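*Asks:* Mind having a look at this structure? Questions to follow.
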């Protein structure tokens, strides 16, 4: 294979892994970083941090590949997805499965490098969740909740990496992530609702129906309440809650965008959730930095 052909192949694989659309990586990364900082009380092991960041990129990429494999017959009927490499026939199903297996193997090797038995065991359901999520859209009324577990499974793994155990706090944080994922992915599903109804797949936007906007805002509220409760249980300071306050304001802006149920504003709100995750993370980091200097 000559260089131009190889370059074109690499570009197709990059698109299949959605490396050109990093929002999914960020939505997966922020909860993992929350957990790494909270579990280490603001002093995470930097080797662990970098391994989790790289693992997040690899597993999100693997998730995109298997998602396109599962949805290849549906995507051709959706305007936004009909040109994806697998659906368009530019990448074969064998190539996609091989790429998914390779990315999953690399992620597992990263976990093995940590040398933590509990993290290794937790990586097994993490891979299962990533691989099985795309198929839940065929029978589960709110597959976004399943996505929240899959996207958030780095949380218990992060606690296990730092503490050697997974305390209740980690599971509460995972639950918060489930509600956050239902919120932002419902916004995403609102974009494709008409197409999804035609092809017969299930989404939260369809299930919630005319209560979709209210459901999004309720899920946002539960997310903030759970994270706030975690902060209270850990005796966190003003900066922690300031991060939540900023996130609350951002969520309020999202309401103004999604209440009209128009495609582009809903998609804009989905993308904007990056700033929700970042705001919460900055609040956590700053709070630990300030409390470490006894400034509160």
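Every residue, even glycine, has its Cβ placed from backbone N, Cα and C.
According to Swiss-Prot, the feature transmembrane segment maps to 22-42, 46-66, 99-121, 139-159, 163-183, 211-231, 238-258, 270-290, an assignment based on sequence analysis.
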*Asks:* Is the transmembrane segment (139-159) packed against any residues at least 6 beyond its ends, judged by a Cβ distance under 8 Å, and which are they?
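*Replies:* Tertiary neighbours of the transmembrane segment (139-159) are 27-28, 31-32, 34-36, 39, 48, 52, 55-56, 63, 111, 119, 122-123, 125-126, 129-130, 132-133, 165-167, 169-171, 173-174, 177-182, 185-186, 189, 202-204, 207.
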*Asks:* Same chain only, please: residues at least 6 beyond the ends of the transmembrane segment (22-42) with a C-beta under 8 Å from a C-beta of the stretch. Say none if there are none.
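*Replies:* Hits for the transmembrane segment (22-42): 48-49, 52-53, 56-57, 59-60, 63-64, 151-152, 154-156, 158-159, 161-163, 169-170, 173, 177, 180-181, 184, 227, 230, 234, 270-271, 273-274, 277-278, 280-281, 284-285, 287-289, 291-292.
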*Asks:* I need to check the long-range neighbours of the transmembrane segment (99-121): which residues 6 or more away from its ends have a CB within less than 8 Å of a CB in the stretch?
*Replies:* 13, 16-17, 48, 51, 54-55, 58-59, 61-62, 65-66, 69, 127, 130-131, 157, 160-161, 164-166
*Asks:* Report, as numbers and ranges, every residue of the chain located at least six residues beyond the transmembrane segment (211-231) whose Cβ falls under 8 Å of a Cβ in that stretch; write 'none' if there are none.
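*Replies:* For the transmembrane segment (211-231), the far contacts come to 34, 38, 169, 172-173, 175-177, 179-180, 182-183, 186-187, 190, 204-205, 240-241, 244, 247-248, 251, 254-255, 258-259, 261, 280.
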*Asks:* Residues sitting near the transmembrane segment (270-290): Cβ under 8 Å, six or more positions beyond its termini, same chain?
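*Replies:* For the transmembrane segment (270-290), the sequence-distant neighbours (Cβ-Cβ under 8 Å, at least 6 residues beyond its ends) are 23, 26-27, 29-31, 33-34, 37-38, 41-43, 180, 183-185, 187-188, 191, 227, 236-244, 246-247, 250-251, 253-254, 257, 296.
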